[in-house]
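*Asks:* Can you keep this structure in mind? I'll have questions shortly.
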Amino acid sequence: MEILMAFVIGILFMSATYLMLSKSLLRIIVGTGLLSHGAHMLILTMGGLKTGSAPLLGENAPYTDPIPQALILTAIVISFGVTAFFLVLAYRAYQELGTDNMDRMRGTEGND
Amino acid sequence: MINFLILPILIPLVTGVLLIFAAKRIMLQRWIAGISSVIAIILSALLVQKVRVDGIQTLDVSSWEAPFGITLVSDMMSALLVLTTSIIAFLCLIYSFWSIGEAREKFYYYAAFNFLIVGVNGAFTTGDIFNLFVFFEVMLMASYVLLVLGGKKAQLRESIKYILVNVISSALFVIAVAYLYSVVGTLNMAHISVRISEASQGNPPGIITVIAVLFLIVFGLKGAIFPLYFWMPGSYYAPPAPVLALFGALLTKVGVYSITRTYTLFFYHDTGFTHQLLSFLAIMSIIAGVIGAIAYWDIKKIIIYNIIIAVGAILFGVSAMTTDSLTGSIFYLIHDMIIKAALFLLAGIIIAIAGTSNLHKISGLIKRYPGLGWTFFIAALALAGIPPLSGFVGKLLIIKGGFEAEHYWGAGIVLMSSLLVLFSIMKIFINGFWGTPRAYKGEDKVPVGKMMIAPVILVVIAVFYGAGSEYVYPYILQAAETLANPEIYIEAVLKEY
């Protein structure tokens, strides 16, 4: 199961990198979303994938470690907030700058 | 008081929430923000004294005991940095009153400002690696707002790049924490240190080194070390002066602090690879920063590149890992926070007067603004480390530590860089303040006298910090001893563990 997850995470990172290297702003934002999904999956996998037991000590069954889930929850909320902000910013920048092409967003102020 | 060390985080948080509700009443906002930051300064000064007398302060949040719950830890280094942060925050706030403009003030400028301080103080205080990530995000979220507030084209464009870089570095942070958790099975920083020591036994497994380098990349992106500083000159160029001063003085320093913390607490067993890498990158940062600072003819850019130089000098001290060099690093870190804030605020005044930051278009300012000129001159000398001003002692100790660790060429480059820093900053002084005075459009509207309050106080602090270093030294030494001997930190956090 861990090996399968490693492939899933790898594919997520791969697509994220591909999308983030493109010029369109929207694709880049989708890329950051995939990147954080990959990172969240990685925490889950790294905490150990055990099935069927409650995260309680003292039972006889091997217990599940609850911490990775708590971490993921926090990280998901944060990345949700950042993505929402990023999308709004991208829309505003598109209105203001008239482009979503990263090539045309180079700044040259103060470079002389 | 048991909960003393959470107050520098809690006060700006409550203030920020209150300010959201008072958004349209500017005077009320100013009073609330001003009073709360004065209280924060007093409390953090008391905290420093408390740490000095009683040793490291810890707080187990919600009374979950140390390795299990989130622990806040205030050792001398974090207490001093929290104090410096509070002082800088207060002075940038005062400066904002006369320079940031009503439009921003009505659109939650002060609230975002306070949330930024929450993140910075939290990152300095926390003793939990994942909590550090959360406070980083609090700080970054507030910084996105401050960066984009105003909505100019340059700000929108640079915000996109800034957010993109930080989203990637946050994802890497999560990845690094995930790896670390899978290896050591804990998130408490003191406990991680214990576990890594147990796993290492003189020769740490390779995965620890991988994690160390991953953390260096994550914090290096935030702290702007060579080759990861590429985003900084562009992004920091966009916002107005008080925001720039906050970013330049605080945000990069949080990255530097995190590198210092992780590299002295976690990854000190096998310094052969990781600390060599750190010292190489530190030296390269100094060189790259010096090249940038000399090449540009733009006030903001020159000072921004000076941040990179300072980060290099501090991290060089950390990489040498002797008590002397660590003392120097902490000394220089605090000096740099104060003096960078002062320089950015002064640069803000120059830009407000001249309407441009291009040095070719500014000259002869000292004729009409002698006070501004001389304050800038003293700040410039302090930045370069002319004794007895504040940069001198820190750099002296860093170089001494470098020689003790037999890093001769590195120490030599740090030494040489001071000269070039002086040259780069004197370029602003000579071209901006000397020469024939010019008339600038709208310069009479700039309230120079009021805007000068904050930078003058900062420069005075810098002078006393340098001249009175004898009185500051015991505090800094205590901070460095905790860094050099992780056992002190571990014992304070885990108690009888």
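From the backbone N, Cα and C atoms, a Cβ is placed for every residue, glycine too.
What TrEMBL records for this protein is below:
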type	residues	note
TRANSMEM	B:30-48	transmembrane segment
TRANSMEM	B:68-95	transmembrane segment
TRANSMEM	B:107-124	transmembrane segment
DOMAIN	B:128-420	domain 'NADH:quinone oxidoreductase/Mrp antiporter transmembrane'
TRANSMEM	B:130-150	transmembrane segment
TRANSMEM	B:162-187	transmembrane segment
TRANSMEM	B:207-231	transmembrane segment
TRANSMEM	B:243-265	transmembrane segment
TRANSMEM	B:277-296	transmembrane segment
TRANSMEM	B:303-321	transmembrane segment
TRANSMEM	B:341-359	transmembrane segment
TRANSMEM	B:409-430	transmembrane segment
TRANSMEM	B:451-468	transmembrane segment
*Asks:* Please determine whether the transmembrane segment (B:277-296) and the transmembrane segment (B:409-430) are in contact (criterion: at least three Cβ-Cβ distances under 8 Å, sequence separation 6 or more).
*Replies:* yes
*Asks:* Do the transmembrane segment (B:30-48) and the transmembrane segment (B:207-231) come close, with at least three CB pairs under 8 A (pairs 6 or more apart in sequence)?
*Replies:* no
*Asks:* When each of B:130-150, B:207-231, B:341-359, B:409-430, B:451-468 is checked against the transmembrane segment (B:243-265) for Cβ pairs under 8 Å, which one has the most?
*Replies:* B:207-231
*Asks:* Under a Cβ pair cut-off of under 8 Å, which of the recorded stretches B:68-95, B:107-124, B:130-150, B:207-231, B:451-468 contacts the transmembrane segment (B:341-359) most often?
*Replies:* B:451-468
*Asks:* Please give the sequence-distant neighbours of the transmembrane segment (B:303-321): residues at least 6 beyond its ends with Cβ less than 8 Å from one of its Cβ atoms.
*Replies:* 223-226, 229, 232-233, 236-237, 248, 252, 255-256, 259-260, 263-264, 268, 271, 275-276, 278-279, 281-290, 292-293, 296, 328-329, 332-333, 336, 340, 343-344, 347, 383, 395, 397-398, 401-402, 404-405, 407, 410-411, 414, 417, 421, 424-425, 484
*Asks:* Under an 8 Å Cβ to Cβ limit, what residues of the same chain, 6 or more beyond the ends of the transmembrane segment (B:162-187), are close to it?
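*Replies:* Those are 67, 128-131, 133, 136-137, 140, 143-144, 147, 195-196, 199, 205, 207-208, 210-211, 214-215, 217-218, 221-222, 231, 235, in sequence order.
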*Asks:* Would you mind listing the long-range same-chain contacts of the transmembrane segment (B:68-95), meaning Cβ under 8 Å and 6+ residues beyond its ends?
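*Replies:* Hits for the transmembrane segment (B:68-95): 5-6, 8-9, 12, 33-34, 37-38, 40-41, 44-45, 47-48, 50-52, 56-62, 110, 113, 117, 120-121, 124-128, 131, 188-190, 241-242, 245-246, 249-250, 253, 257, 260, 330, 333-334, 337-338, 341, 345, 348, 451, 453-455, 457-458, 461, 475-476, 478-480, 482-483, 488-489, 492-493.
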*Asks:* Which stretch from B:107-124, B:207-231, B:451-468 shares the most C-beta pairs under 8 Å with the transmembrane segment (B:130-150)?
*Replies:* B:107-124
*Asks:* Go through the chain and flag residues at least 6 beyond the ends of the transmembrane segment (B:207-231) whose CB is under 8 A from any CB in it; none is fine as an answer.
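*Replies:* 136, 161-162, 165-166, 168-169, 172-173, 175-176, 179-180, 183, 196, 199-200, 251-256, 258-259, 262-263, 266-267, 269-270, 273-274, 277-278, 281-282, 284-285, 287-289, 307-308, 311-312, 315.
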